[in-house]
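Worksheet for the structure shown next.
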Amino acid sequence: MIILILLLGLVLRLIRIDQSFWLDEASQAIMSSQSLSSIWFGREGDFHPPLSYIFSHFFLTASHNDIWLRMLPILFGIGSIYFLYIIGQKLFNKRIALVGATLLAISPYHIYYSQEFRMYSQAVFFGLLTFNFFIDYLEKNSFRNVCLFALSGGMLIYTHYFGMFLLISIFFYELFFEKAKTLNLVKAFLLILVLYIPWIPQFILQLKSGVVADQILPGWSNILNIPFLKAIPLTFLKFSIGRIDFESNFLYYIVALVVLSLFFTPIIYGIKKYKGHSVKFLLNWLFLPITLAVAVSFFIPLFQPFRLLFVLPAYYLLIAFGLSQTGKYKNVLIAVIVVVSLISLGIYYTTPRFLREDWKGAVNYINQNVKEGELVVFVWPQPFPPYDWYKGNENTLRLVDRLPVKEEDVKLKLNGIKNTSKIYLFEYLQDLSDPKRTTQKEIIRLGFKEGEKNDFNGVGFIQIYQK
C-alpha cells in the first residue's frame with residue numbers, strides 16, 4: 001500500500017513541474033553553480049546555510065534543465081512521505097501511518113514546495129529523519145542511535161536555520177518527558193554543535209548582512225514576514241489548503257473558518273481520547289517550533305509558513321490519529337479532508353496566479369523583441385537572477401548602484417541613454433526600489449512616450465517607452 005501512496009505522491013508532484021523558475025529558484029541555481037568554496041564563503045547576502053546549495057551543486061553537474069533540477073526537491077518530498085509512514089508506525093500503527101502518509105502525499109502545500117528548487121522540501125526530509133532517529137534513541141539509548149540523531153540534526157540545521165527550533169522542541173520534550181535520558185541527549189546536542197562550529201562565522205556574517213539589508217530597504221521585511229496576529233491562523237490554513245487564496249476577503253475568512261474547523265476537529269478529538277506520549281510528542285513537534293518562530297520574528301522579521309514546513313508531518317499525523325478515534329464518522333471525515341485537499345490542489349494546478357513567476361515567458365518576450373539600439377532597464381543594482389538564468393538580452397541598464405533609488409542617480413544613468421530608441425522597463429520590485437516612480441517620470445522627461453505594456457504572471461509589467 002505504501003508503494004501506491006509513494007507513486008501517487010510522485011505523480012502529483014510531477015504535474016506543473018515545467019513552470020518557470022522564479023526569483024529565489026534562479027538565485028539558488030546560480031549560487032549553486034559556483035565553486036564549493038564560494039558556496040561556503042561567498043554568500044554573506046544570502047541568509048541560508050550551505051547544505052541545499054551543495055546538493056544542488058552536484059545535481060547541476062548532470063544538467064541545468066529546470067525539470068531535472070526540480071527532481072531534487074521532489075526526491076526529498078517522496079522520501080518525506082516514506083519517513084512519515086515509518087514514524088507513524090513507530091508512534092501508533094500501520095493504519096494511522098498509511099492515512100498520515102496519504103495526507104502528506106496529496107498535501108497542496110507540501111506538493112508546491114516539493115516542486116520548488118529550494119531547501120524547504122529538504123528541510124522536511126531531514127526534520128523527519130531527525131525525529132525518526134530520536135524515536136530510535138528513546139527506544140534504545142545506544143551510541144549508534146545518538147550518532148545518527150546528531151548527524152541528521154546537524155544536516156537539518158545545515159539545510160535551514162529554522163531547523164534549530166525543531167531541535168529545541170526535541171530537547172524540550174526530552175527534558176520534560178524523558179528526564180532519565182537527558183544526559184545522553186546533551187552529548188548528542190554537543191556533537192551537533194561541534195558539527196556546526198565550522199559554519200558559525202558565516203552565520204554571523206549573514207546575520208549582519210541581513211540587518212544592513214533591512215535598514216536599506218525597510219519594506220523588504222514586510223515581504224519576508226507575516227504580522228503577529230495573522231501568523232498562526234495563516235500558517236495552519238496554508239498547511240491545510242496550500243497557497244491558494246480568494247480575492248474576496250469575506251469569502252477567504254469563511255473558507256478559513258470552515259477548513260480550520262474541519263482539520264482541527266480530529267486533532268482535538270484525538271487529544272481528548274488519548275493521553276499517551278505519542279500525541280504529546282507530536283504536539284511538541286508541531287507547536288513549539290511555530291511558537292519560537294513567532295517569538296523570534298519580533299527581533300528578526302522572517303516568519304513565513306513555508307519556513308516551518310518541517311512541522312507539517314506532525315500536523316498530518318495528529319489528524320490521522322484523531323481520525324482513527326472518531327468512530328462511525330471516521331470514513332466521512334477522511335473523505336472530506338481528502339476532497340478539500342484535492343480541490344485545493346486542482347485550483348493550484350489550473351489557476352495561473354497561483355503558479356510561479358513567469359520569468360521564462362518574460363525573457364522569451366525580451367529576446368524576441370529587443371533590437372540593436374534598444375535597452376532593457378532594471379530599477380535594481382543588477383538584472384534579476386531569473387533574467388540571467390534564462391539568458392536574457394545583454395543590452396541592459398542597471399539603473400542604480402545602490403538602494404533605495406536616489407533621484408540624482410536615476411537622472412545620471414538615464415541621461416546617458418538619450419539616443420536609445422526604445423526602452424523596456426521591468427517594474428518588478430519597484431514598489432521597494434522606487435516607490436515614487438522616479439524612473440518613469442525621468443524617462444518621460446527625456447522625451448519618451450509610453451507604449452505597449454505587457455504583464456507576466458508574478459513578474460509584473462514590462463513597460464515600453466519609445467521616441
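Here the Cβ of each residue, glycine as well, is placed from N, Cα and C on the backbone.
Listed in TrEMBL:
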- 48-199: domain 'Glycosyltransferase RgtA/B/C/D-like' (DOMAIN)
- 67-87: transmembrane segment (TRANSMEM)
- 96-113: transmembrane segment (TRANSMEM)
- 147-173: transmembrane segment (TRANSMEM)
- 185-205: transmembrane segment (TRANSMEM)
- 226-244: transmembrane segment (TRANSMEM)
- 250-269: transmembrane segment (TRANSMEM)
- 281-300: transmembrane segment (TRANSMEM)
- 306-324: transmembrane segment (TRANSMEM)
- 331-349: transmembrane segment (TRANSMEM)
Other than its close neighbours in sequence, what residues sit by the transmembrane segment (67-87), given a CB gap under 8 Å and a spacing of at least six beyond its ends? 2, 5-6, 9-10, 13-14, 17-18, 29, 55-56, 59-60, 97-98, 100-101, 104-105, 110-111, 113-118, 120-122, 124-125, 128-129, 131-132, 135, 313, 316-317
Across 226-244, 250-269, 281-300, 306-324, 331-349, the most C-beta pairs under 8 Å with the transmembrane segment (96-113) come from 306-324
Counting Cβ pairs under 8 Å that are 6 or more apart in sequence, does the total for the transmembrane segment (281-300) and the transmembrane segment (331-349) reach three or more? no
The transmembrane segment (147-173) touching the transmembrane segment (331-349) per 3+ Cβ pairs under 8 Å rule: no
What is the pLDDT of the domain 'Glycosyltransferase RgtA/B/C/D-like' (48-199) when averaged and given as a whole number? 95
